[in-house]
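What Swiss-Prot records for this protein:
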ACT_SITE  H55  active site
BINDING   Y58, K97, D502, G539  ATP binding site
BINDING   E99, N540  Mg(2+) 1 binding site
BINDING   S100, H101, N102, H103, R122, Q246, E320, S321, Q322, S542  substrate binding site
ACT_SITE  H101  active site, proton acceptor
BINDING   D123, D276  Mg(2+) 2 binding site
Amino acid sequence: MLKKQPLSPTDVRDSKVYRDWGLTDAEYQLLTDKVLQRLPNETETGLFSGMWSEHCSYKNSKPVLKKFWTQGEQVLEGPGEGAGIIDIGDGQAVVFKAESHNHPSAVEPYEGAATGVGGIIRDIFSMGARPIALLDSLRFGEPTDAHTKYLISQVVAGIGGYGNCIGIPTIGGDTVFDASYQKNPLVNAMCVGILDQADIQKGQATGIGNAVIYVGAKTGRDGINGASFASAEFNDANETQRSAVQVGDPFMEKLLMEACLEVIHEHRDVLIGIQDMGAAGLVSSSAEMASKAGSGLSLNLDLVPQRETGMTPFELMLSESQERMLLCVKAGAEAEIYQVFEKYGLDAVTIGKVTAGHQYQLFHHGKLVADVPVDALATKAPVYEREKKRPTRLNHQSHHQFMPRLVDATGTLKKMLQQPTIASKASLYGTYDSQVQTNTVVKPGSDAGVIRIRHTDKALAVTTDVNGRYLYLNPRVGGEIAVAEAARNIVASGGQPLGITDCLNYGNPEKPEQFYDLDESAMGIARACQLFNTPVISGNVSLNNESNGEAIYPTPMIGMVGLIKHQKDITTSDFKHAGDAVYVLGTTEADFNGSELQKMLTGTISGELFDFDLVTENRNQRLLLTAIQKGLVASAHDVSEGGLITTIAESCFPQNIGVELASDLPAANFFAETQSRFVISVTPAQQAAFESLMEPYVTYLGRTTATDRLHVQTADQAFDIKVSFAKQLWEGALPCLLK
């Protein structure tokens, strides 16, 4: 609990309270000896604790992030602003970004998840874009204990509660259950927006004397030190830190969004910059806006709208109260901006101005309470080159491939369809409004969500993907696969992958083996992005995802957006008609290490990860996209967790269509998780043209049927089950587990 009476500079030094706020002894010493050359007061120490946190400064991850490929002729705005922007032609652009809210969701799951959604929405409309879609990538422990069930229910309710109320459809995402996330769930939210390129905004504060205007909700004591909390290792003691979790109001956010977009579209001649007050609150938005412009800033904290009495400068600057934005407006145009926000019933107050020089000055009750170099806050945090050591777990890996023996292929399929990660998530995403705004073409449950772009023939395909198990067994190859699977989902939906955003969820970077996971997987992601021409344009780093010293699997969530140039090319994963030919594109090997089958049969994952070839992956994706654009494909579904047989079953379920298939593969290989594969259905009329284009890379399996039967004859056994019964198992598993 913070003292009401401010600590003196010597009190701060002697009590070492800065440690509680996230600064190390070395960082405090750097601040006093080099940056300020004096002892900082309580407020100044607080400012640096927030801005030098990993969440704001990327001090542990910046050397890693430099490895990412961020180029491409389609990139209009890369990393560095509130969100990235990619050209989609016709003077339009897509804006997207993902953010993590892991630690807050662990201690206060409803508000943690809800405010994660709210924050990422603000990042999108701060760029001038109207948000059109949300996605969520969730990781929980096994859904068997009461606390995990509580987390799941509250996180899902928080996401739906915020997104539904503000009127933005949730059209995709992914949910995985694994003991690795038992104490440290991951809640990653992604938002996508559309804008005309003429409306692009930036977070900057330029022009000496121009006004700095605070808009939106009043400031309270919620979320103070939230950036530092999000940057710290999680343990049981942290579960009491609910005051570090923000409280959201989606109805306020809706008003704020509409008001800000009105200012951007109708008052652009006086608007200089706009930025969300996110992590580290007012200090982050104001210092970053000034630093990017090479300006100084002077703020009067007495003018900050407050919902609680007696707030200190420390609290006012570091509060992470939600639904707040900061604008820089031409001097003399303040009243013009006030009128817009008054119309929506929102506070709009000039709290400061842009100044000459490079100082960041705060005044409170007529006194100067902070006077520091603005760049020291925003861009001069120490950057650490962490030690990297190959993890012991990789040195002790078995070189042998896990080879399952299936006594009962159909029985194994029944069990597979009921695994929490494989089973239908409709009971979760069914609570989200996926069709508000009436632009959703493909709802959650297919490979990617698809949303049309109004007044055009275009659509966007969006997805989130990563398999942490693969990265646990091989961080670099697992990073490549994460990007590849996201691209597969876009291509299977008829889209051309454009770019990615990421949430890099890892353990403690000060542990050499944990830093190895981060660094190696980043190299894999970078290589795949360059090959697929999908630059990283935005993202977020969430480190110290450890509970009592136990780290999660390395989990770099990849959010990808693709462009479908013609809506006729939109493709879904479900079989459409009886009598269609069914193919698998790509070869199937005995790849079981890290697979869902290995976990299901042995309770763990182990061994060296199977081989993966990005060139083969890229070729297969290009072949499929060409076939789709030529009108040769009725359905396409990427093969991922659970293998080929699970993919086939999932394609049967939506239309209750059966299949009669045959293969010379052994039954076990139908559960292998070899990459670079798709299950494709083709009408008889297109079969010859399809085979002419795709041979020798496709294998004919058989045909869809009008029967209620999934029958696959393999080299040694047959899968034989009613589609309706298999679907019942698949749909009922998760609701049963979560009771």
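Glycine is no exception: its Cβ is also placed from the backbone N, Cα and C atoms.
Here the Cα atom of Q322 (substrate binding site) is found 19 Å from that of N540 (Mg(2+) 1 binding site). Using a 10 angstroms CA-CA radius around D123 (Mg(2+) 2 binding site), the recorded positions that qualify from K97, S100, H101, N102 are K97. Ranked by CA distance from D276 (Mg(2+) 2 binding site), the recorded positions H101, N102, R122, E320 have R122 at the top as the closest.
Once Cβ contacts within 10 Å are tallied over all protein chains shown, the binding-site residues E99, D276 are led by D276. Here the CA atom of N540 (Mg(2+) 1 binding site) lies 8 Å from the CA atom of the residue listed as 'active site'. Taking the Cβ of G539 (ATP binding site) as centre and 10 Å as the limit, one finds 24 other Cβ atoms among all the protein chains shown.
Take the mean position of the Cβ atoms of Y58, K97, D502, G539, the recorded ATP site; other residues of that chain with a Cβ within 8 Å of it are L65, P79, A98, T501, C503, L504, V536, S538, N540, V541. Sequence-distant contacts of N540 (Mg(2+) 1 binding site), defined as residues of its own chain at least six apart whose C-beta falls under 8 angstroms from its C-beta, comprise K97, A98, E99, S100, N188, D502, C503, L504. Distance noted between the C-alpha atoms of Y58 (ATP binding site) and E320 (substrate binding site) is 19 Å. Comparing H101 (active site, proton acceptor) with G539 (ATP binding site), their Cα atoms are 13 Å apart once rounded. Long-range Cβ proximity for R122 (substrate binding site), meaning a same-chain Cβ under 8 A and a gap of 6 or more residues, is found for G82, E253, L256, M257, D276, G278, E323, M325. Ranked by how many other Cβ atoms sit within 10 Å of their Cβ, the binding-site residues D123, D502 place D123 at the bottom. By a simple count of nearby Cβ atoms, those within 10 Å, the most crowded of the recorded positions H55, Y58, K97, H101, N102 is H101. For the pair G539 (ATP binding site) and N102 (substrate binding site), the C-alpha distance works out to 15 angstrom. Q322 (substrate binding site) is surrounded by 28 other CB atoms, counting those within 10 A of its CB over all protein chains shown.
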